[in-house]
Structures are given as structure tokens and as C-alpha cells.
Amino acid sequence: MVFVMILLYVVSGVNTKTNLNVVILEKNVHHNINGAYLITKLSYLISVMDSNKKSTTKGLCDNCKVCVGTMLTCTTCNEGYYVNSGSCSKCHLYCATCFNSSSTGCNSCKDGYFLTQISKCSGCASGCATCFGSTNTNCYTCKINYYLSATNTCNSCHYTCATCYNTLSYTCYTCRTYYYLSGTSCSSCAYSCATCFNSSSTGCYTCRNGFYLTDVSKCNSCSSNCATCFNSSSTGCYTCTNGYYLENTSKCSSCSYSCGNCFNGLSSGCYDCKEGYFLFEDSKCVNCYGGCSGCYGSSMSCYACENGFYSAGIDTCLKCPAECATCMDATTCTSCYYSYFLSGSECLKCDGSCYTCDGMNSNNCLTRRPYYYLSNGYCLKCDSSCRTCNGINTNNCLSCPPYYYYSSGSCLKCSPNCSTCNGVSENNCLTCKTYFYLTNGYCQPCDSTCYKCNGTTAYNCLSCNTGYYLSNGNCLECNSNCYGCVGTSTNCISCHTEFYLSNNSVVGVMARNEQIVLGVVKGFILTLIMENTITHVNHVETIVFFCETNEFCWGCNPGYYVVDASYCEKCLVENCQFCGYDLCYECYDGYYAFGYECHKCPSICTTCSGPFTTQCFGCVDGYYVFSYECLSCSSSCQTCSINSTNCLSCVQGERYLWNNQCLSCSNCVSGHCISNTTLCDMCQDGYYLVDGICISCGSNCATCSGSSSTCLSCKTGTYLVGSLCIVCDINCASTYCNVLLGCTKCNNGYYPINK
């Protein structure tokens, strides 16, 4: 009989082999020997044949600690198992050792449980790691963030402590992340530190995500899209924030618009999708059907619905009634749009004076419309002179419209030439309307050629009316063909309708801060303003509203509406482009008007008339409009029109555009597709270039040159020998197969052999 101290290396599939080699060592007993048998860590029974290191696999003893005889009889089981007719059966979940599988068959318990008189393992109190009873005074040891008191209770440490001691919860041994130990308490690190040794910005050990550690123990910010980084540049990233991917090993670039997270910037490079999309074939995120806020498998398989829609059975979202903001079904509203209130499960209309209400009567108002005030549930109209008020009288004003001033609760009209004032007299002006200038509180008229001035003569102009240009304070007439000019009469910057501008550059010199009125274009007074002394027009400014006379306005900028023909008020409805009072006639792109609100179009639409993907006027990149529906372009097209294969632009780096087709440049590096060919001038990793074509490297090469077998670098799990990539041993630890040195560390139970 052979009794030896051995270490056995068990290979995969050992139970299918008849013989194994046994490596004999003088030390390091890793297995149990019972007579002539060896039990491996994998519970295989090995019969030791003789001193020549021969052995035979006899069978498998699952979860057995001591397995004897040729019949594989287990006499002792691993922890968590008990002997049951010569084999090992699992104990109850809470038992460490047991004599049967029931909850009352325990000999001892796992941490967090104690043994009762009926051999059952019951849970310790919440702070106990081990205990001898169920109450909070029966603890042996405590969980992390708790300490054991003299009365055997586990009390919570102060929230800054990771571990603590004695009866003072803020007496810490160690601290949580973002704190450091100062005496026996934990103080805050600088914001950028994850761990630190003092509270200064140069006291960091490690950094929070979004920061990196400098040589002076300071955490500096990463570039905005880096989650972790090694410097502050845009090419210093280790990992990226959501919506970005790591490009060229250290730069975070934006995912496609529909991706939540991705592995490249293409529409077919998504790991997961943003809300309103689902992951389809080729890792592409496809828009959910109108009304779905989340879907799976197909665009019509909804698992969640947008506001204004409800779940109608499996996978379907249907539109709520028009007045419902949210609903449970077609007849049960749960919230209402403005000017409606919820009554049971219905949305009923408020009285016309209310903006929001809790009943249909005029005294059920909750909030007011513009130029009304709220009083005991009623919305009553302010006096016409007030912008806001707290009563119907002229002395109940809280604020005033333009061209009025506030005085003891009343809004009094300024002198006709004043824009703002502090009294009704002509000499109470603070600022003047266009074509007037301020002098000693009076607004005096400019010369007829001036748009703005600082005196009454023709030589006091600061800016000029349309058809004039400024020269030494004087507004001189432009050439008859010019609509606007700069510097000289013939230096036109815009023309009358029957002429065109032959040279787009403006070569005339404008004075600093000079302002020139170009005229009304699409309802706006366009002015040119020179902010610095330069020789071209700096920018065009649009006035918020324009007027037929000095007082009466007849149009406003988008997002505003005319009030009393004298000034412009911002639309009440958010995202509204053209409105009147509290109604929206037209919303900004990406929204559609419904009732008193602008609702967001389906995410696939750029413009739409309603909430469904069949109501689109324009589509995002990757889609085209067909019968008011956004349909997907071919996967090679970035944008397309008319049909899915009529490409307008191609997916960057993969294709080039020729006759509205995106032709493939297979396996080229992004941007290295030779124009109007399918050839490359540089290949992606894993390919080598032959006559403009990228050919695949050998299966184990990461990069190669000249031929598929001339490897420059190897894939994970292989290492480089000469120009070949050799597969690592199956028992090599996964991160220790060196591309140059081979296996430098083995899995447990093996040692490296020099090759």
C-alpha cells in the first residue's frame, strides 16, 4: 500500500479517462488520502496503484469529504451537506452542518443565524453578524457599520464610519469612502477625492469617477465625456459616460442618437437603447411605435406607454381621450390638460376665465389667465392699464405693461414719446422710443434720416434708417439700387428686390457701435451692429417686435404674441412658436399643438402633426418620410429620401456615396476609403492591405503585415513567438498569458513549465 503526500493536477474531463499521473511532493498536502484512495478537490475518487506514480479514476463522490471503498461510499461530507445512504445531500439553506435536509435538521448555522432548541436556524437581529438568540441583545459579532456594546447589542456606527468601537457611534476605526480618519472621527475629503489623508484638494489617495490623480495628490477633472481618465484631455479617457464609447483606446466619442450605450458611433453599434427605442438586429436601435416609451423585440411590442397613452392588453399603447393628460384606459382619465379638471375618471372643462380649476363653475379657479387675478376661486379681469393686479380697480395694479409707469398701485401712461418714464409729464422720460433722443427728461425727435440720435440736427445721428449710411454723424443716402449700404453710397449690403448683390463681402468701414436698419424682413426690423472697429458686418440683430407707428405693434418674434397692439408678451404655452393669448397655433420643430399645450413628437420625427409615427412631416437621420411615416434607411445610409436605398449620405468610415448608393469599403479604418472606389488605403486591426483590399489576418493575430501568418501582435489567450501567435495552455490564468513570455502564472493546482 502506498501512502504519499501528493498534489494531483486534474484536467478537464478526468472522469472519462482511465489513468492519471500523480505528482509526488514532500510538502503541500492538498487532498485527503484514505488507505489506497485519494479524494481530489473535484471529489473524484483516485485509486493509487503503486510507487511508480500510477493511478486510476474510480468515480465521482459529489460534495464528499471522505469517500471510501470501491463502491464510492461517502462517510464525511463537505460543509452544507450531510451523509444520506452513502452519498451527500444538501442541507437547508440556513444550515452550516446538518443531519437532514429539513429546516429543523441543523447541527450548526451559517453566519447571521442561530440554532434553536428544535435544531432550526433562525435569523439574528438586523445588526448582528453572529448571535446566540433572536433579540438585539444576543449578538456575538456585528456586521460592518455596527459595533458591539457591553450589553451584546449591535449599534449603528456614525454614517461616516466604516467600522467603529465603544458606545460612541462616532468613534471610528476606519472611514467610509469620501471620508478620512481624523483622530477618532471621520471628516470629509475634498469633493474630487474618493479616499484621502486630509481635507485639502491635494490630500487625495484616489479620485471619484470623472477625476484623475496628479503627482501632487490632487484630483483634476477628466474631459466632460470621460467616466475615468488618466489626464484632462479629450484623449485621456479610460472609460466613458453613458452615451459615449472609447475610440482609439483613449477618446470618448458620441454614440448614435438612439443608443443608450454603444461600442462604436454607428447606428449599428448599440449595446442598449434610449427610451423609446429597442435593440434590433445588427445592434441597431429602432424607434418604438407611437405611444410607446419602451418596447422590445419589435416597434409595436410595448412594455411601457408615454404620457397621453395607456396600455391596452399585451404590448399595445393606445391614445387617451383628447382632454386627458394621462389615463388608465379609454374611459378612465387620471390627470387632465390645462383648462380641464378631473371629476371621477373624466376630464371636464373649466370655466373660460380659469387657467386651471377643480370644478366647472366660475368660482372653481385654481390659477389665473394673463390679465386676470384670483379672488376666492374666481378669475376676474384686471383694469386695462395693469399687467398684473390684485383687484378690478385702476389702483390695484401690481405691475405695468410697456409705456406705463407704476405709481402707488396704479399704472399711468407715459408721455407719447417715452419708452419708459417715472411720471406723466413730457419731462419724466427715462428712455425714448425709436426716432427720439433723451435730453433733460424730454424725448426730442431725431432728424428724419436717423434711426437713433443724440441731437435734433442731421449731424447728430448714431444710426440710420433704411437706405442711408452713417458718415461723421450724418446719414447720407445710399445708391438708388441699394436697400442698405455701409461706408459709401455704392457699398451695398442688400439690394432692392429687382437687384442682386454681386459681391457678398462688405468692404466698407463701419464706425464702432454703429447700427444700421436694413428694413423689415419677414416681419422683423433687421439691424446691423458693429461691435468692434472691423471692416465687415459683425452680426444681424432681430428686434423683439416691430411697429407700424411709434406706438402700435402688429407682429412679434416667435414665442411671443401682441398685447394691445403695443408690446409683445411671451407665449404661455411652452415650446410654442406662434400663439395668441393662451392658445398655441404652431409649435417649434419637434412638437405639435394640441389644446393648450405643445406635445413632443415621436422621437423619430423632426416635425409632426400628432403623437403617432404615422403623423411625421420630417425624420431624424437614418429615416425617410413615406406617407407621413418615418421608415428606416438602409443600414449603409446615414440619411436617405424617397426610399430606403436612395442614400443622401453614408455611414461614416464604412461606405462612400456613388449615384445615391453607399458602396462598401470593407474593413477600412474610418476615413480611409478611397473616393469613388471600394478600395482602402488603411485597414482595421485584424486585416492587412493588398492592392487596396483588406484581407483577414490569421485567426490568432490581432494585427499582421504582408500575410495572414506574419503576426505583429496577438489576440487575448495567445502569445507571440517569432511572427506566430501560439495558443496559451488551457490551465494558464487568463490575465497571465503574456504576448511575449507565454504563461507566467497558472490556475490553482498547476505550475508554469519553461518552454
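Using N, Cα and C of the backbone, Cβ positions are placed for all residues, glycine too.
Copied over from TrEMBL, here are the features:
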{"type": "DOMAIN", "residues": "123-155", "note": "domain 'EGF-like'"}
{"type": "DOMAIN", "residues": "156-187", "note": "domain 'EGF-like'"}
{"type": "DOMAIN", "residues": "188-220", "note": "domain 'EGF-like'"}
{"type": "DOMAIN", "residues": "221-253", "note": "domain 'EGF-like'"}
{"type": "DOMAIN", "residues": "254-286", "note": "domain 'EGF-like'"}
{"type": "DOMAIN", "residues": "287-318", "note": "domain 'EGF-like'"}
{"type": "DOMAIN", "residues": "381-412", "note": "domain 'EGF-like'"}
{"type": "DOMAIN", "residues": "413-444", "note": "domain 'EGF-like'"}
{"type": "DOMAIN", "residues": "445-476", "note": "domain 'EGF-like'"}
{"type": "DOMAIN", "residues": "597-631", "note": "domain 'EGF-like'"}
{"type": "DOMAIN", "residues": "632-663", "note": "domain 'EGF-like'"}
{"type": "DOMAIN", "residues": "664-695", "note": "domain 'EGF-like'"}
{"type": "SIGNAL", "residues": "1-16", "note": "signal peptide"}
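In the predicted model, residues of the domain 'EGF-like' (221-253) average a pLDDT of 85.
For the domain 'EGF-like' (156-187), residue counts in helix, strand and coil come to 0 helix, 16 strand, 16 coil, using DSSP.
Within the domain 'EGF-like' (221-253), the DSSP-based counts of helix, strand and coil residues read 0 helix, 16 strand, 17 coil. Tertiary proximity for the domain 'EGF-like' (188-220) is limited to same-chain residues at least six positions away from its ends with a CB under 8 Å from its CB atoms, namely 160, 177-180, 226-232, 236. Helix, strand and coil content of the domain 'EGF-like' (413-444), in residues and according to DSSP, is 3 helix, 16 strand, 13 coil. Packing against the domain 'EGF-like' (221-253) from elsewhere in the chain are residues 192, 209-212, 259-265, 269: each is 6 or more residues past its ends and has a CB under 8 Å from a CB in it.
Across the domain 'EGF-like' (445-476), the DSSP tally of helix, strand and coil residues reads 0 helix, 16 strand, 16 coil.
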